[in-house]
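Annotated features in Swiss-Prot:
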type: ACT_SITE; residues: E207; note: active site
type: BINDING; residues: H206, H210; note: Zn(2+) binding site
type: DISULFID; residues: C242-C269; note: disulfide bond
type: CARBOHYD; residues: N60; note: N-linked glycosylation site
type: SIGNAL; residues: 1-18; note: signal peptide
Amino acid sequence: MRFSLALAAAGLAQTAFAAPQPSRGFGCGAPEPSEELLQVSQQFAVEEAQALAESYRSGNLTARDVTAQAISVKVYIHVVAASTALSGGYLTDTMINNQFSVLQSAFAPYGISFTLAGTDKTVNANWADDSKGYEMTMKRALRKGTYKDLNLYFLQKMGGNLGYCYFPTTASPGSTAYIRDGCTILYSTTPGGSSTNYNLGHTATHEVGHWFGLYHTFQGGCTGAGDSVSDTPAQASASSGCPVGRDSCPSQAGVDPIHNYMDYSIDSCYEEFTPGQQTRINSFWTSYRQNAS
């Protein structure tokens with residue numbers, strides 16, 4: 001999903017990591033999940049509930065045991081910069097490793113591990129600016145691995161976005177859906193970056209959640225199926241900051257899940273996925289990525 005982030009003043013562009021950018025709100029700019037994908041999620045919800053009920057009847061499993069499948073993902077990181085300067089988006093190896101560590105720590109409690117399969121750095125001013133429309137050209141040149149492997153692209157400019165990613169789908173090798181798969185992320189959201197309040201590396205965590213098939217916690221608002229995950233409380237709209245106690249759907253159970261990685265809270269507010277989201281990740285993984293070529 002794409003996060004809207006107002007552009008920093010031009011004078012700050014050359015001092016990207018040295019001077020923090022002022023904090024600004026953001027919102028999703030990517031297309032909503034398709035009706036077909038929403039129906040898939042609702043079917044998963046039915047199947048997951050049946051499996052959980054059966055596990056309790058048998059007395060063999062707890063709620064978390066249902067999601068015990070371990071998932072291991074190869075990751076390819078691509079740094080796409082306008083120049084070899086840090087202000088041009090040219091992340092250092094230390095920054096890359098720190099970002100990778102954040103991903104590992106965020107997903108490890110849910111049975112998901114990552115292996116850094118490769119990194120590369122490309123200097124191309126056109127590719128480094130997502131707003132110029134070179135996404136597919138860039139990805140045709142840089143993408144590696146199979147559909148079950150995660151490609152992360154860190155760009156200098158995102159046209160006002162923090163990042164976006166694509167949901168799992170049926171994708172044959174060489175198809176548009178296959179090539180564009182992965183996450184594109186603003187370089188300054190990496191740990192220690194200049195995107196104030198969004199520089200602990202959790203933009204990547206949020207985007208990878210989409211790659212695994214998770215929707216925003218506020219998907220669908222207060223009515224209907226929402227994000228189709230039973231243990232994420234209904235939420236009318238995205239959070240801003242870290243509004244503890246916010247309850248945007250007072251007629252529904254629970255307060256807003258502001259600490260969930262799939263809300264729009266600031267990085268320091270993020271803490272968790274839910275067991276239901278873990279189950280959903282497993283459902284999408286098994287159906288779309290696990291055996292993909």
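Glycine residues also receive a Cβ, built from the backbone N, Cα and C atoms like all the rest.
These numbers come from a predicted model, not from an experiment.
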Nearest of the recorded positions (H206, E207, H210) to C242 (disulfide bond), judged by Cα-Cα distance: H206
For H210 (Zn(2+) binding site), the three-state class that DSSP assigns: helix
Residue, out of the binding-site residues H206, H210, whose Cβ gathers the largest set of other Cβ atoms within 10 Å: H206
DSSP three-state assignment (helix, strand or coil) for C242 (disulfide bond): coil
Least surrounded among the disulfide-bonded residues, given as C242, C269, when other CB atoms within 10 Å are counted: C242
Helix, strand or coil at C269 (disulfide bond) [DSSP, three-state]: helix
Neighbour count (Cβ, 10 Å) for the residue listed as 'active site': 25
Cα-to-Cα gap, the residue listed as 'active site' vs C269 (disulfide bond), nearest whole Å: 16
Under 8 Å by Cβ from the residue listed as 'N-linked glycosylation site', same chain, sequence gap 6 or more: none
Between H206 (Zn(2+) binding site) and C269 (disulfide bond): CA-CA distance (Å): 12
